[in-house]
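As annotated by Swiss-Prot, 5-amino-6-(D-ribitylamino)uracil binding site applies to Phe22, Ala56, Leu57, Glu58, Val80, Val81, Ile82, Asn113. According to Swiss-Prot, the (2S)-2-hydroxy-3-oxobutyl phosphate binding site annotation covers Glu85, Thr86, Arg127, on the basis of sequence analysis. For His88, the entry in Swiss-Prot reads active site, proton donor.
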Amino acid sequence: MNTIAPNLDGKHLRIGIVQARFTNEIGSEMLKVCCRTLQELGVADENITVATVPGALEIPIALMNFASSEKFDALIAIGVVIRGETYHFELVSNESGAGVSRVALDYNIPIANAVLTTENDAQAIERIEEKASDAAKVAVECANLVNLLLEEQFEDEE
């Protein structure tokens with residue numbers, strides 16, 4: 001059996017991050033943690049590009065434009081959706097998540113989805129460190145995996 005080991009070496013990877021500004025205090029902290037973790041994994045600061053958008057529903061369009069540029073090995077979505085008193089929470093959560101997944105599959109690019117969906121601010125704050133750090137690790141690991149699989153695919157065609 002062939003097994004591909006996880007590779008968390010971010011050296012030479014280019015990462016795009018889209019952060020929703022709605023609930024910006026939490027999102028900004030997530031962005032800091034995410035960027036710090038990427039750098040700890042070896043991603044050069046000049047290889048990290050950050051764009052901000054108004055809210056979670058706008059994340060997929062920015063990700064799509066990053067993906068279509070073919071300048072990135074992986075992308076990261078950062079944001080916070082906190083339940084209110086209306087159905088709007090479900091709409092935003094579901095549509096944002098579906099859009100992120102659609103971009104990843106349509107453009108064959110790994111996207112780490114760190115859009116938190118919580119009941120309140122306290123739950124979101126509690127998850128900042130873990131979820132933002134995890135997103136960086138997922139992006140690096142999946143970028144390396146996809147790059148390796150693409151290399152093997154092209155080697156097989158030769």
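Glycine too: its Cβ is placed from the backbone N, Cα and C atoms.
Around Val80 (5-amino-6-(D-ribitylamino)uracil binding site), the C-beta neighbours below 8 angstroms that are at least 6 residues distant in the chain are Ala20, Phe22, Thr23, Ile26, Gly27, Met30, Ala56, Val115, Leu116, Thr118, Ala124. Taking the C-alpha atom of Leu57 (5-amino-6-(D-ribitylamino)uracil binding site) as reference, the shortest distance to any of the recorded positions Glu85, Thr86, His88, Arg127 belongs to His88. When the alpha carbons of Glu58 (5-amino-6-(D-ribitylamino)uracil binding site) and His88 (active site, proton donor) are compared, the span between them is 15 angstrom. Between the CA atoms of Asn113 (5-amino-6-(D-ribitylamino)uracil binding site) and Arg127 ((2S)-2-hydroxy-3-oxobutyl phosphate binding site) there is a gap of 13 Å. Highest Cβ count within 10 Å among the binding-site residues Glu58, Glu85: Glu58. Of all the binding-site residues given, namely Thr86, Asn113, the one with the smallest number of surrounding CB atoms inside 10 A is Thr86.
Under 8 Å, Cβ to Cβ, and six or more positions away along its own chain, His88 (active site, proton donor) finds no residue. A C-beta separation below 8 Å, combined with a sequence spacing of at least six in one chain, links Ile82 (5-amino-6-(D-ribitylamino)uracil binding site) to Thr23, Phe89, Thr118, Glu119, Asn120, Asp121, Ala124.
Each residue contributes its Cα atom, and for Arg127 ((2S)-2-hydroxy-3-oxobutyl phosphate binding site) and Val81 (5-amino-6-(D-ribitylamino)uracil binding site) these two points are 13 Å apart. Within the same chain, the residues at least 6 positions away from Val81 (5-amino-6-(D-ribitylamino)uracil binding site) whose Cβ sits under 8 Å from its Cβ are Thr23, Ala56, Phe89, Val92, Ser93, Ser96, Val115, Leu116, Thr117, Thr118, listed in sequence order. By neighbour count, meaning other C-beta atoms within 10 Å, the densest spot among the binding-site residues Phe22, Ala56, Leu57 is Ala56. Counted within 10 Å of its Cβ, the other Cβ atoms near Arg127 ((2S)-2-hydroxy-3-oxobutyl phosphate binding site) come to 17, all protein chains included.
Under the three-state DSSP scheme, Arg127 ((2S)-2-hydroxy-3-oxobutyl phosphate binding site) falls in the helix class. Residue annotation for (2S)-2-hydroxy-3-oxobutyl phosphate gives Glu85, Thr86, Arg127. The furthest Cα pair among them is separated by 23 Å.
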